[in-house]
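First comes the structure, then the notes that go with it.
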Amino acid sequence: MRRKLAAGNWKMNGSVSALDMIGALKLKHPECPCDVLLCPPAPLLTHALQNSASNPIFIGAQDCHAKESGAFTGDHSAAMIAEIGATHVIVGHSERREAYGETDVQVAAKAQAAQAAGLTAIVCIGESLEQREAGDALDVITSQLARSVPDGSSGKTLVIAYEPIWAIGTGKIPTMEQIAEVHGLMRIELRARFGADADNIRLLYGGSVKPGNAAKIFALDNVDGALVGGASLKAEDFSPIIEALAAS
């Protein structure tokens, strides 16, 4: 049985004081049957880890470099993230693919570095609106999944987040049928590559997940949780999403 995961990606938002929400989430969900993960900006990671020391909440980073060390100003390695106590790292988010030109090959290298450091890599994939309207969405997902996920991945080292680019931060989401179709395809492709262990790999949906639509999304087959953006910044928004996931 895959343990469900509610992951919050704060992007370049938040503050030290905003991390007080970790305590609020603990009070609301003292014995949550699903995993909860927060990924704040890098400068807040240490503070987040301190706040979560007595809380059942995981802390992760939003990116890592593929190399262990070197002259890469502004970057941080997976080993550094693991050393401070974080457990997960997001790689391949569409905002980084678009803004920094990250390729599937680079994403796979980052995921491999994360796994080698003992982290769980959350690999993001998703199609653009143009690709969706052209009928190419499933081909894009299949290609990204094959090229962005490193060999040797397992349910312990890998989470996949399907985030249609056109749904991120727009308030728009695919139909439930479209989400189910993509998640079903991902499970089939993972089984073909990794065998029985593919059923241990969690598949998250991301893109305008809100308290009002979370329950419908979580009711779909092969949706094991969500990668939540803006709605993860406040406990009053993130908590109902966690509750919907726990009840699914």
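The first residue you see is number 1, and the count goes up from there.
Heads up, the Cβ atoms here are built off N, Cα and C, so glycines get one too.
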TrEMBL annotation, substrate site containing Asn9, Trp10, Lys11, Gly169, Gly229, Gly230 - matching residue among Ser143, Ser148, Ser208, Ser248: Ser208
Alpha-carbon distance [His93 (active site, electrophile); Lys11 (substrate binding site)] in Å: 10
Spatial separation of Glu163 (active site, proton acceptor) from Gly169 (substrate binding site) - C-alpha basis, Å: 11
Extra residues within 8 Å (Cβ to Cβ centroid of Asn9, Trp10, Lys11, Gly169, Ser208, Gly229, Gly230), substrate: Asn13, Ile168, Val228, Ala231, Ser232, Leu233
Residue with minimal Cβ packing [other Cβ atoms within 10 Å] among the recorded positions Lys11, His93: Lys11
Collapsed DSSP category at Gly169 (substrate binding site): coil
Greatest C-beta neighbour count within 10 angstroms, which of the binding-site residues Asn9, Ser208: Asn9
